[in-house]
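So that you can see what the record holds, here are the features copied from TrEMBL:
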- B:His256: active site, nucleophile (ACT_SITE)
- B:Trp154, B:Glu164, B:Asp184, B:Lys186, B:247-258: substrate binding site (BINDING)
Number of protein chains: 2
Amino acid sequence: MAPAASSSAPSFSSADALLSSFRFERVLSEDPRALLVYLLGTAVPEGQSERAPCILKLEKTPYAPDEAPSLATPGAWSKLQTVTCNDIYSTSLAWFAPGRTTADVQILSICPATEKHVKKYSMQVSRLVRETPELYETVVKPYMDSLSPSTISWVYNILDGTAEAENVLYRDDDPETGFVLTPDLKWDQKTLSALYLLVLTQDRTIRSLRNLRTRHLPLLRKIRQECERVAMERYGIEKGELRFFVHYQPTYYHFHVHIVHLSYLSFSGITVGQAHLLDDLIDSLSLEVEASNSGGPAPLQSWFERRTFTYSLGVEHPLYALLKEKGA
Amino acid sequence: MAPAASSSAPSFSSADALLSSFRFERVLSEDPRALLVYLLGTAVPEGQSERAPCILKLEKTPYAPDEAPSLATPGAWSKLQTVTCNDIYSTSLAWFAPGRTTADVQILSICPATEKHVKKYSMQVSRLVRETPELYETVVKPYMDSLSPSTISWVYNILDGTAEAENVLYRDDDPETGFVLTPDLKWDQKTLSALYLLVLTQDRTIRSLRNLRTRHLPLLRKIRQECERVAMERYGIEKGELRFFVHYQPTYYHFHVHIVHLSYLSFSGITVGQAHLLDDLIDSLSLEVEASNSGGPAPLQSWFERRTFTYSLGVEHPLYALLKEKGA
C-alpha cells in the first residue's frame, strides 16, 4: 500500500523527481518577449500512483551583477556563431551548452564605438516633470522653435510621396483631415502580436497634442476609423485589438499617432503619462464641444491648452534643464 | 605594414575574433528585469593594431516555439537545484551548462494543479472596451453591487489596523483625507528600482476614479505630498522619482493608489488606458474647480462622471460579456 500523502506534504521533494515524471501536454502561455513560458502537463506526485495535472513556469534568469565581465570572453560560450558583420556593427549568437537547439544569448557589437553610441546605451536617469500651460509657452514652445526644420523633413518626404511610397498602407490627401498610414520601422511586418503602425497627419500646423482643438475632431475620428478598417482588411485584425496613442513629449514635432497591437506590452512607449489614448483625446474634445454648446466658460474650452502634463524626461534631454530651472 | 581597413570593412569577421580581443571596462546599462546588458570595453579591430572602444549588447533569447516540451525533462539541464517545496508549489533553479556561476532558468511548479490554476496561467485574450457614462450606470455599477463585500475585507482589516499593522509606513486616520501607506506585496522591499507601494484611503465611499469629485482634491493632494515625503525619508527617493497612478478598471472596488519607482517599467500595470496618473486626476479636478468658479455648466462639472473610459479587458472577465452585449 502506498503511503497516503498528507494534504500539506510536498508533492515533490526535488526538481529531478518532478521533471522525471513530467509528461508535456501543451503551452499555456508565453510572455510577449517569450522569456518565460507556462507549460501544462501531468506528473506523479511522490508517494502517489496517479498522474496529476502539473503546471511548470520556466523563466530565464537575469544576469547576476558580477557576471557581466565574464560573458565577454569566448570561454563563456560552448558555441559562437557570427550572424552578420556590417561595418562597425556585428551580430552573433552564443550557446551556454552544446546540444541546445536554440541559442541562449544574442550578442550585438559596435566597434569602434563613438561617444554618441556610449551615451545612447548608457543608463538613462529620468525624472517626472510637470509642464503647466505657462511652462509650455515660456519653455517648450521656444525649444521647438529652436529646432531645425530639417529634423522633420523625413516626415514631409513621406507626406509628399518622395520617400517610403512603397510602404504606404493608406493615403488621404485632404489638407485638414488627411493622413498617411505606414508600418513603423520598429515592426518586422510579420509578428502580428507586435504590430506597430504610424500615422502622419497632412496638417502641418499641429505640432503636438498641445495644439489639438475641437476643430480637429473630424481628423482624429477619421484616423481612428479608417486605420482600424485598413488593419482589419490587411492583417485580419479584429475590432478592439488595436491601441491608438500619441506621445507627449513626442520625439518629433509633427502630429503623429502610434498604433500597436493590444497584446504588445513589453515596451515603455505605452506608459501612462507619455502615452495618451487617441480615444481619450477624442472623448476630451467631445466634452469640450458639449461644454461649449451649453455656454460653458473658457477654462474647459481649450482642454489641451489648459492642461498640466506630467511626464518622465531623461535628465539629459535638452528640455529637462530648461523646465527644471523654471520650477517644473 | 598592417593593411589599412577600408571604412566599410567589417571591424571583425567573427564573434570569436571579437570576444578574444575584448577587454571589459564597465556595464553601461541593464534592463530592469536585467535580461539584457550593455557592456563597454575595448577591442582590436582586425587588421588594426590599436584598441578601439567597443560596446557589447548581450540579450537572452526567447524560447523557440518547438523548444518548450524538451525543457521539461531532466536531460535538458546540466544541473538542477531545488529551492523550496511547499505543499503543491515548488521552486527550482536550472543550469544549461556546468561552470556557469548563476542559474539560467528558474522553474516554478504547481502539482496537482486545479482548473483555476490552469485558467490563471493560460494566455489571456483581451479587447479594448469603451465604457460610456451610460454603460457605467447600467453595467458596471450593478456588477460592483453584485460582488460580495467580503472581497475587500482585507482592505478594511488594514485600515482598521487588524492586519499588516507591522507593515504600515504611514497612517492618517482622518475619515475624509486620511489613508494608509504600505509596501505592495509585489515588492521585495529591497530593490529600490522596483519599489512598489500601495495607498488605501480611509473614505469607504470612493469605489473607483468614477466617484472622484472636486471635494476629493484635498485627499488626493495629501496622498501625493505625504507619500513622496515618506518615501524620501524612508528610502532616500528623490523628488520626481515616483509614479503615482490609479487603475480603471481596478482589481477591487475600494479607492487605492499605486506608487512605483519611475524606472520600474517592465510590467503592464502602467499601461495607458488602465493606468491614470494621480497628477492628471488632480489636474482634471482643478480645471473643474476653475470652470465652476467661472460659472460653468453642469456637463463639465463632473469630469469623472462624464468621461468615457477606454481600457483593455480580458475576454474572460465577467464585465467583458456584459459590456459587449450593450455595445461597448
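The backbone N, Cα and C atoms fix where each Cβ goes, glycine too.
No curator has checked TrEMBL annotations; they are predicted automatically.
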Inter-residue C-alpha distance, B:His247 (substrate binding site) and B:His256 (active site, nucleophile) (nearest angstrom):
8
For the binding-site residues B:Gln249, B:Thr251, which Cβ has the most other Cβ atoms within 10 Å, all shown protein chains included?
B:Gln249
Write down the Cα-Cα distance for B:Asp184 (substrate binding site) and B:His256 (active site, nucleophile), rounded and given in Å.
11
Could you tally the C-beta atoms, other than its own, that fall within 10 angstroms of the C-beta of B:Val257 (substrate binding site)?
22
Including all protein chains shown, what's the count of other C-beta atoms within 10 A of the C-beta of B:Phe255 (substrate binding site)?
27
Around the Cβ of the residue listed as 'active site, nucleophile', the count of other Cβ atoms that are within 10 Å:
21
B:Trp154 (substrate binding site) CB neighbourhood, other CB atoms within 10 A:
14
Sequence-distant neighbours of B:Tyr253 (substrate binding site) in its chain (C-beta under 8 A, six or more apart):
B:Met144, B:Leu147, B:Ile152, B:Arg207, B:Ser208
State the three-class DSSP label for B:Trp154 (substrate binding site), counting H, G and I as helix, E and B as strand, and everything else as coil.
helix
Same-chain residues six or more away whose CB lies under 8 A from the CB of B:Asp184 (substrate binding site)?
B:Tyr196, B:Leu197, B:Leu198, B:His258
With every protein chain in view, what's the tally of Cβ atoms within 10 Å of the Cβ of B:His247 (substrate binding site), excluding that atom itself?
21
